[in-house]
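Structure record follows, encoded as structure tokens.
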Amino acid sequence: MSRPYRSALYIPGSKVRALDKARGLPVDVILFDLEDAVAPDEKITARDTLAEELGKGGYGNRLRVVRINGLDTQWGEADARAADAMACDAVLLPKVNGVADVDALARLTGKPIWAMMETPLGVLNAAEIAAHPQIEGVVLGTNDLAKDLNTRHRADREPLITSLQLCLLAARAHGVVAVDGVYNAFKDEEGFKVECEQGRDMGFDGKTLIHPAQVAAANAAFAPTAAEIDLAERQIAAFAEAEAAGKGVAVVDGKIVENLHIVTARATLAKAKAIAALEAE
Ligand SMILES: CC(C)(COP(=O)(O)OP(=O)(O)OC[C@H]1O[C@@H](n2cnc3c(N)ncnc32)[C@H](O)[C@@H]1OP(=O)(O)O)[C@@H](O)C(=O)NCCC(=O)NCCSC(=O)C[C@H](O)C(=O)O
Ligand SMILES: [Mg+2]
């Protein structure tokens, strides 16, 4: 893993104070928002403010992603052209329904594209969206999805599980990043931790956030633990020893270790290394 995606914080493009505060926050990804966090009468000034703040720099090594308005809105096309010229790493397109939406944005920017998966059609077309050559990440928009599906909020997110898994399957099939949706009750630390752990256990790379108070818990939940790092190192060593002895299988802590477990163990160590590199900045 070349970089971690544990925490992806939305920041309204209209809020200069928050844009500045983000320069000092230990997040892995910043989602600079021009869409739902910005009121209609602030859309155009937010676009200019964001261009200026990104131009000033100071966001370090964090991935800078600009969420534009949909291309079917009055602001979308100008946002896309402006984002193409901004000092950012990728453009996030909301409410993607199918690959044609991604193609439309690809005609306006050569930057990597991330797609919000937050409509029923988008979820059903997740595989073709994730397969687009410019797509580098998918982000779950669980608020919009819950609205469109008419689901009730449940702590276990059972009504959303199929959608989450379809998007994750698409992302993994096509080798792109997958980031889980937001947890709206930003003062509920325990509920947030539980939802982070659920997303992590499902396989997401990280979680989208709405408030700085959520950063530390997301970073902790999506990082390998000391015990996982220790196990990965012991599995790699034991497997190397077994191979040297002409065996294809090792045993660690009473469990077999085969080549496929070594792939996971190496990925765990690579993720820990990528986190350490980002945090050393
Ligand atoms: C939720 C908030 C409106 C709360 O704001 P506020 O009451 O100002 O919070 P605090 O007073 O606790 O703020 C403390 C300090 O932290 C800064 N701050 C707050 N939020 C952010 C942020 N997101 N990024 C950076 N900094 C932030 C404040 O400026 C304070 O700083 P200081 O004054 O220096 O102490 C607010 O948090 C907020 O607006 N959050 C973002 C909301 C948002 O982006 N929503 C859209 C994305 S969610 C979504 O659309 C998901 C998806 O599409 C879906 O469908 O699910
Ligand atoms: Mg949304």
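Every residue, even glycine, has its Cβ placed from backbone N, Cα and C.
All TrEMBL annotations are machine predictions without curation.
According to TrEMBL, the features are:
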type	residues	note
DOMAIN	6-212	domain 'HpcH/HpaI aldolase/citrate lyase'
BINDING	Arg67, Glu118	substrate binding site
BINDING	Glu118, Asp144	Mg(2+) binding site
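Shown here: features listed in TrEMBL, placed on the structure.
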residue : record                 : DSSP (3 states)
Arg67   : substrate binding site : strand
Glu118  : substrate binding site : coil
Asp144  : Mg(2+) binding site    : helix
Rounded Cα separation (Å) that holds between Glu118 (substrate binding site) and Asp144 (Mg(2+) binding site):
5
What number of additional C-beta atoms lies within 10 angstroms of the C-beta atom of Glu118 (substrate binding site)?
24
Same-chain residues six or more away whose CB lies under 8 A from the CB of Asp144 (Mg(2+) binding site)?
Lys95, Met116, Glu118, Thr119
